[in-house]
Amino acid sequence: MRERQLIELIARRCGPPRDRRVLRGIGDDAAVVAAKPVCVISTDSLVEDVHFTLSHYTPAEIGHKALATALSDLAAMGAEVGEAYLALALPGRLREEFSRELIDGVVDLAENHGVTIAGGDVVDSSALALTVTVVGWAENPERLVYRDGARQGQRVGVTGTLGAAGAALLLESYDHEPPIPLAADQRRALEQRLKRPRPRLREGLLLAESGASAMIDLSDGLASDARQLAQRSGVRLHIDLAALPLAAGVREVAAARGLAAEELAATAGEDYELLFTVDDRRVAEVEQALAAADCPVTWVGAVEVGTGVVFFDASGHCRCDLHGFEHGRVAAKPERD
């Protein structure tokens, strides 16, 4: 499919902008958007054989994940979603149907969350790559949540459950006997968490409104992302490994691979849940807000004086050796942003 044909396909699939803020979208040299006072921007890229392989992902899953990972950054800021811009590097070896399904994956997620695809670019490439820039909005920068607001004495919470994506990655490479005792629906659920992550956009807004003082999305793993939050805030996070909320099936997969389930949940990454801090006096408010969004919240630790992150297991032993993914390090798992 030629570049112009693909752009026309995207324009037809997206339809006219539904957001009144977008004055001009796909079809002009640039998008024209009526801005709110504060603009929040993030960019993420997915590259073939770095972040995904065509043998393990469908085209729609690739498109979904490319947008979802970028939107997750807006969720972590507590921003209102707005527009997305898709830059697509597409090899000529891929069939037209592949391109259609890929675009469907992007647009379906955008429509589900009220995001307008307002523009982008299409180029030929030897490898498939997607770069998504997302734009969020806020009336006041003080209503956003940053990584540097954690303070001594606050609680540390996390949305949803952890370890599903990491368990799914382990399942992909498991070919031993006996098979891992998981029901088919549990396997599918783990796989969906890896390939079709859900950006916690509504939850991020609710946390911002309920007093979250610092927040980060869990892309590289709790161990790595918690350290980033602690460093930016100039504090130490005390995390109770036994308190981590494990996704169904994580314990079984970890046991089959000779791993502790809590350690897998803390280090594997790609969960795209939200890790946040909040004052004790706002805990009930947070719980009520997230319950209204049908989102579980688990209190996994506290903010202390010091630096870094300390993990404690169920026996009370300190586990300071836990690390998530770090960019630039040689690792066996795919790079992620």
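Count begins at 1; order follows the chain as displayed.
Note that Cβ sites are derived from N, Cα and C of the backbone, with glycine treated the same way.
Pulled from TrEMBL, these are the features on record:
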- 27-137: domain 'PurM-like N-terminal' (DOMAIN)
- Asp29, Ser42, Asp73: Mg(2+) 4 binding site (BINDING)
- Asp29, Asp73, Asp217: Mg(2+) 3 binding site (BINDING)
- Thr43, Asp44, Asp121: Mg(2+) 1 binding site (BINDING)
- Asp44, Asp73: Mg(2+) 2 binding site (BINDING)
- His51, Glu270, Phe325: substrate binding site (BINDING)
- Gly120, Asp121, Arg147, Ser219: ATP binding site (BINDING)
- 152-309: domain 'PurM-like C-terminal' (DOMAIN)
- Asp220: Mg(2+) 5 binding site (BINDING)
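If you check the binding-site residues Asp29, Asp73, Gly120, Arg147, Asp217, Ser219 against Thr43 (Mg(2+) 1 binding site), the ones with a Cα inside 10 Å of its Cα are Asp73. A straight line from the CA of Asp220 (Mg(2+) 5 binding site) to the CA of Ser42 (Mg(2+) 4 binding site) spans 16 Å. When the alpha carbons of Asp44 (Mg(2+) 1 binding site) and Asp73 (Mg(2+) 4 binding site) are compared, the span between them is 9 angstrom. Between the binding-site residues Asp44, Asp217, Asp217 has the most other Cβ atoms inside 10 Å of its own Cβ, all protein chains included. If you take the C-beta of Arg147 (ATP binding site) and look for same-chain residues 6 or more apart in sequence within under 8 angstroms, you find Ala214, Met215, Ile216, Gln228, Leu229, Arg232, Ser233. Confidence in the domain 'PurM-like C-terminal' (152-309), given as mean pLDDT, stands at 96.
Residue with the densest Cβ environment among the binding-site residues Ser42, Thr43, Ser219: Ser219, by other Cβ atoms within 10 Å. Within 10 Å of Ser219 (ATP binding site), counting C-alpha to C-alpha distances, fall the following of the binding-site residues Asp29, His51, Glu270: Glu270. Asp29 (Mg(2+) 4 binding site) and Asp121 (Mg(2+) 1 binding site) are 10 Å apart (CA-CA, integer value). Within the set of binding-site residues His51, Gly120, Asp217, Glu270, the entry lying nearest in space to Asp73 (Mg(2+) 4 binding site) is Asp217 (CA atoms). The two recorded residues, Glu270 (substrate binding site) and Ser42 (Mg(2+) 4 binding site), show a Cα separation of 17 Å. A strand conformation is recorded for Asp121 (Mg(2+) 1 binding site) in the three-state DSSP classification. The Cβ centroid of Thr43, Asp44, Asp121 marks the Mg(2+) 1 site; residues of that chain outside this set whose Cβ lies within 8 Å of it are Ser45, Ala70, Tyr85, Leu86, Ala87, Leu130, Thr131, Val132, Thr133, given in sequence order.
DSSP assigns Ser42 (Mg(2+) 4 binding site) to a strand segment in the three-state reduction.
Gly120 (ATP binding site) and Asp29 (Mg(2+) 4 binding site) have their C-alpha atoms 10 Å apart, to the nearest angstrom.
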